[in-house]
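Structure, as structure tokens:
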Amino acid sequence: MKKIRGLKICSKQKQFIFEFGFVQAFKEIKGKENKSIQYIGQVKVNRIMGINIEDHFEEIFEVIKLHLLPLMLIFVTIVVKQQVKMTAYEKFAFYWFLFNGAIIHITWDGFVGALHQCDPLLRVYSLMDNRYKVKENAVRAISFCELFLHGPLCLYTARLFLSSRGLKRDIFSILSSFLQLVFTYVFVYDEYMNNFVNVCPEESCFTFSTSNILLFWICFVFFNPVWIILPLYHLVVAYKNIVAQERWSFNICAIENRSGENYYDNFDKTQRTVSSKKNKKD
């Protein structure tokens with residue numbers, strides 16, 4: 001028997017107490033290490049992402065506030081769309097013009113790119129393309145045109161996909177798509193003439209670093225052709241619809257003409273008879 005702090009305990013009890021205390025101490029140390037590792041890991045993630053969530057609640061709220069009205073508009077329009085029967089292409093075109101008009105052209109390129117509202121998104125725009133930061137003339141002109149002309153035009157075209165299927169809808173679809181092609185061409189060609197100094201400011205465009213892959217190859221090289229290919233597709237479809245409508249109306253006129261004569265020939269004959277009657281009266 002051995003005496004420890006006034007207690008008489010045997011060697012086995014002493015060994016058990018020592019082992020139990022060692023295990024508890026080890027668990028406490030391990031827990032503290034895990035917490036410190038988690039904290040350090042979170043700090044590293046925040047540093048890598050460049051965002052500390054706790055310090056950016058106001059900026060997050062500012063981004064949400066900017067998107068609140070266009071998202072409500074999109075939601076209400078989609079609810080109305082459920083009552084309209086549409087083909088697969090009409091649904092795709094409706095969502096395309098609605099999203100581009102409300103989010104891309106008016107909210108992002110308009111309020112952020114042209115008016116420099118919402119500092120968090122403006123920093124993202126400036127990071128992707130330095131022309132937004134230095135207020136380059138071509139980009140500002142395109143952004144203002146998107147805000148006041150192209151965005152509302154896209155929204156009106158989306159509305160036409162809900163309300164009508166005639167010539168008017170196809171004409172506005174062609175007009176919206178053509179403007180998108182022109183703006184995208186000017187946007188890309190202007191940067192091409194400047195040797196991509198605004199989208200690759202620190203290194204060559206053909207260096208495949210993480211930032212270069214994200215900002216140049218994905219945001220600039222991949223996404224810009226989307227706004228060339230899809231408008232071309234909508235333009236071609238609308239043109240084919242107009243041609244088909246003209247042929248259909250011509251066939252209807254030919255069928256309704258009982259004499260079997262050509263519609264335009266009949267129109268010319270009518271005009272001749274009217275003019276001859278006027279001449280006789282004179």
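Every residue gets a Cβ built from N, Cα and C, even glycine.
Per TrEMBL, the features are:
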DOMAIN    89-235  domain 'EXPERA'
TRANSMEM  92-117  transmembrane segment
TRANSMEM  137-158  transmembrane segment
TRANSMEM  170-188  transmembrane segment
TRANSMEM  214-239  transmembrane segment
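Under 8 Å from some Cβ of the transmembrane segment (214-239) lie the Cβ atoms of residues 89, 93, 96, 127-129, 169-171, 173-174, 176-178, 180-181, 184-185, 187-188, 191, 196, 199-200, 205, 208, all in the same chain and six or more residues away from its ends. Each residue of the domain 'EXPERA' (89-235) gets a DSSP state, and the totals for helix, strand and coil are 120 helix, 0 strand, 27 coil. Away from its own ends, the transmembrane segment (137-158) comes close to residues 77, 94, 97-98, 100-102, 104-106, 109-111, 113-115, 129, 131, 169, 172-173, 175-176, 179-180, 183, 186-187, 190 of its chain (Cβ-Cβ under 8 Å, at least six residues beyond either end).
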